[in-house]
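Let me begin by presenting the structure, written as structure tokens, before commenting on it.
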Amino acid sequence: MTTVNPAPPPRRRARVPLAPYLFILPYLLIFATFWAWPIVSSFLMSFKDSRLGAAAGYGVSNWQRLLTDEFFRTALKNTVIILVIQVPLMLTLATTLAVALNSRLLRARGLFRFAFFAPLVVGTVAYSAVFRLLFNGEFGIVNRALAGLGLPEVDWLNQPAPAMAVIILAMTWRWTGYNAIILLAGLQGIPEDVYEAAAIDGATPWQQFWKMTLPLLRPTLLFCVVLSVIGTLQLFTEPALITNSGPGNATMTLGTYLYQQGFRSFNFGYASAIAYAVAALAAVFSFAQLRLFGRDS
Amino acid sequence: MKKLALLTALALAGTTSAQSLSGTVTIWSWDAAAKALQSTVPSFNKKYPNVKVNVVDLGNQNVYDRGLAGCAAGGVDMPDVYSIENNEAEVFWARFPDCFTDLNTLGANKYAKSFPAFKWTELTVGNKRYAMPWDSGPVVIFYRRDLYQQAGINAASIKTWDDFLAAGKKLNTKFGGKVKMGAIGNGQDDEWFRMLANQNNCFYFDNNATQITIAKSGCVQALDTVKKLLSNDVVMTTDWGGQITAFKANRLASAMFGAWYEGTIRTNAADQKGKWGVYPMPASRPGGVRASNLGGSALAIPSSSKNQAAAYAFLENALATTNGQVTMLKSQGLVPSLLTASKDAYVNQKQPYWGNQTVWKTILDTLGDVPAARGTQYFQDARQVMIVVQADYVKGKYKTAQDALNDAAKKISAATGLPIAK
């Protein structure tokens, strides 16, 4: 008779240590309940007609509506208009500001950095109210100033194009400083000796900016672009508080349309579909930007 | 003697049941409405001394949002009495049919005839009554006696919208276009359209909430009038805040709104005391209806309330008694929807701010003429469409009002799935 080989001793390495997982378990539970589950739940909800009550089954009616919904298209169009005008405008300004703040010629740099960052500290509701007042057609200081200069007054908040301009101005005022500070950090990461070498080779400051500063700043700029695009796709506060999406739907964005459907019409299913469409757009935009501008050459 | 004994017994029985109600009733409401409810607490506590009433002023938006969150979570963290605007009420009953108590189970059926029918339409589903009517918004024109007089306009002779338009032209000539006959939130809201459509017995939806009726003739006429007023430049385009600024600056000779706007004018322009008056809204044709409703609220009792009997007693005292409703009218200018309130002595008193006119009588007398209209659970969808269509029509995007409203009907149908009425 042959003897049966005894079972091999258990390998110590294969044993999963339990303790660390126990320690992070509370976090995982909270994460799953308040973060992961709502994401899944809202995806499921996007297939439900929530207006018919709990009895309704699943279907694609919300997604069908999204494809043919004129309001969704208006919201998307407005969001893209803001994206195409405001983001480049703001980042150009922010880069200019960052270069200026980085200049050794500038005195009291700390003060300036604070001044340009300050708009971000102001509460959104407060600053929106101030913009409403500034651009009030009858009594606002902007129209008073225009009249003082002999220019025609503009009915800012009751006309589509001017209302859009107010939104873009307000966002630019609030976010330029924030981006400038990030870009400034990027600028300070560029070693001084690169510039010294360029200066010895006879490069003008203008050439230095275009041929060295901008290319070396590209990763930081890309970071700012991606963040701004995602932020703009979610834009809510300014159009909600300054123009109330109006006049008509002239400044309605994806964010305000989602809110309107979810929390005014209580149509959670359709609002979820909009939210997923926005998330998908943000993913596509970010991916495209990373592919187009993120290469290491 | 027998009668007296019976009365005493009845009175005693009444007191015991009143005494037996106890605990706290928490009420969520907003701004002036909360203050108005607070003003009824003393009369309530006279009847029910053991019930503590706690009126919480959350602000309009917060009441709506927290109610939504509470109902969505299955009725947690809700008050005992919940304030709700009529227009927005149906969305709650439709999405959360179990969140509120059917007031008929507490005996509200007996008040069916105490309020005008149009106030109940949005508060009842089938044979359930989800809320009790509170204030209403009978539409009237508030006007500046002095400015009308300077322009040679006689308010009493304005009977139709054509008269109103003609008066506006007179006003433009007199003040060189600086003073207007009204303010329309074109592009921001469609309130004027709704007030005029309601007057013409037309609205977004029919009263069964099964069809879209916005392309019917009454609505077409309403939209046409709105455009006529705007394109003849007799009204200005401005939002809520702009309108207040304008009447304070003597740039508006009149304003049309639900009668709750009385308090807004009186408190914002205290220095114009005696200069204002009120007349019924013009009709769309000679001899037509001169009444309509804009806004107004109701009180509901969440199913999760532990103290429903006391909450209902509060509703009865504040809303279903003349004394309760008139107390709120006096304190905050909330317009009663209880029909008997119009017979109260206060309603027939002259109001000094309004040039000693008996404004409340003028206003409440229109209540019985208001055609019923339903916000339905799709109110906000329809409103969003109509704001845009109205602005586009005024701008000239559509050839006729009928074209515009056909398009609006199509869009509302796409958003709600309801069919368009033939």
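Backbone N, Cα and C atoms are what each Cβ position is placed from, and that goes for glycine too.
Just so you know, TrEMBL annotations are computer predictions that nobody has curated.
What TrEMBL records for A:21-40, A:80-102, A:114-135, A:163-187, A:216-236, A:268-288 is transmembrane segment. TrEMBL lists A:76-289 with the feature domain 'ABC transmembrane type-1'.
Here the transmembrane segment (A:80-102) sits apart from the transmembrane segment (A:268-288); fewer than 3 CB pairs are under 8 Å, leaving out pairs fewer than 6 apart in sequence. Here the transmembrane segment (A:268-288) has Cβ contacts under 8 Å with residues 42-43, 45-51, 62-63, 65-66, 72, 226, 229-230, 233-234, 254-255, 257-259, 261-262 of the same chain, all six or more residues outside its ends. Through the fold, the transmembrane segment (A:216-236) approaches residues 79, 82-83, 86-87, 90-91, 94-95, 171, 175, 179, 182-183, 185-187, 189-190, 194, 253-256, 259, 278, 281-282, 285-286, 289-290, 293-294 of its own chain, all at least 6 residues removed from its boundaries and within a Cβ separation under 8 Å.
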